[in-house]
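Right, one structure below, let's go through it.
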Amino acid sequence: LGRIMRPDDANIAGNVHGGTILKMIEEAGAIISTRHCNSQAGEPCVAALARVERTDFLSPMCIGEVANVSAEITYTSRHSVEVQVNVMSENILTGAKKVTNKATLWYVPLSLKNVNKVLEVPPIQYARKEQEDEGKKRYEEQKLDRLETKQRNGDVIFPVINPEPHTVGYSQSSLIHLVGPSDCTLLGFVHGGVTMKLMDEVAGIVAARHCKTNIVTASVDAINFHEKIKKGSVITVSGRMTFTSNKSMEIEVFVDADPFVDESRGRYRAVSAFFTYVSLSKEGKPLPVPQLLTETEDEKRRFEEGKGRYLQTKAKRQAQMQQAAQH
């Protein structure tokens with residue numbers, strides 16, 4: 001996929017929204033997965049997004065640049081497809097190109113005749129046995145993590161009256177959206193990319209409220225799609241600050257669905273993720289982030305959990321840099 005970035009894709013400083021990039025990544029993944037899953041004779045199907053692994057925004061993209069998104073299938077299990085996506089920005093005035101994103105997504109094929117029926121995935125041919133073994137290891141890890149995330153997903157965000165600046169209640173935000181036909185796949189449930197774009201929008205509002213500066217998406221932790229959201233549902237996308245370091249903010253975002261067209265079903269948690277943002281000056285340099293003030297025991301617990309994720313990511317990045325330097 002490729003298209004030029006327009007003013008409505010970006011914030012007031014001209015940086016393209018992370019959600020715009022995530023939506024394009026998901027579109028590329030959905031196309032290649034659906035193609036592959038329909039490559040053999042059998043029931044026609046549409047690939048539905050189940051999970052996005054952690055993705056880093058390596059470099060900001062700006063208005064006027066062209067985003068080029070390429071996708072490749074790297075592993076198939078019996079009922080799922082792993083897709084790896086690369087995003088490159090191109091300055092069409094100078095010809096300069098740079099990698100802005102790398103992402104790994106997991107899809108499952110759903111029958112066009114029965115939305116609740118998961119079909120079998122045609123296997124792919126691996127160049128080496130090691131590629132299949134590594135893919136299977138990634139598959140088992142994401143399966144376990146998705147289960148753990150679903151089990152801890154009972155939290156609800158409540159409004160706070162007259163909150164103090166830099167507290168969790170001060171910056172927390174929610175967005176309500178009615179799911180229309182243009183948001184949905186052929187099967188009548190929401191595109192994963194549409195949901196991610198709304199999540200990034202809410203996370204961006206939380207970050208901007210907290211530090212009152214230009215903010216950009218730095219990374220997104222694994223996004224787990226627990227359940228499908230049907231056309232006609234009303235979704236509530238909620239975000240709250242969980243952790244701040246000197247130069248970054250972690251924001252928890254979850255999506256709850258009210259299936260008004262199906263009165264037999266109550267409200268349920270559909271998607272959850274952690275977004276990380278950084279604050280930038282007018283020159284695009286990182287700025288210090290105001291310390292998050294935690295007030296309740298739950299907020300303090302979430303802060304410590306966020307700190308653990310931050311230190312784990314930092315250690316992993318340092319190890320990768322040392323490994324790269326040795327080679």
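Placed from the backbone N, Cα and C atoms, the Cβ positions cover glycine too.
Going by TrEMBL, these are the annotated features:
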| type | residues | note |
| --- | --- | --- |
| ACT_SITE | Asn11 | active site |
| ACT_SITE | Asp200 | active site |
| COMPBIAS | 298-308 | compositional bias 'Basic and acidic residues' |
| COMPBIAS | 318-327 | compositional bias 'Low complexity' |
| DOMAIN | 1-113 | domain 'HotDog ACOT-type' |
| DOMAIN | 169-283 | domain 'HotDog ACOT-type' |
| REGION | 297-327 | region 'Disordered' |
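For Asn11 (active site), other Cβ atoms within 10 Å of its Cβ number 15. Long-range contacts of the compositional bias 'Low complexity' (318-327) within the same chain, counting only residues at least 6 positions beyond its ends with a Cβ under 8 Å from a Cβ of the stretch, are absent. Residue counts for the region 'Disordered' (297-327) under DSSP (helix as H, G, I; strand as E, B; rest coil) come to 30 helix, 0 strand, 1 coil. Sequence-distant neighbours of Asp200 (active site) (same chain, six or more apart, CB under 8 Å from its CB) are His17, Gly18, Gly19, Leu22, Thr217, Val220, Phe275, listed in sequence order.
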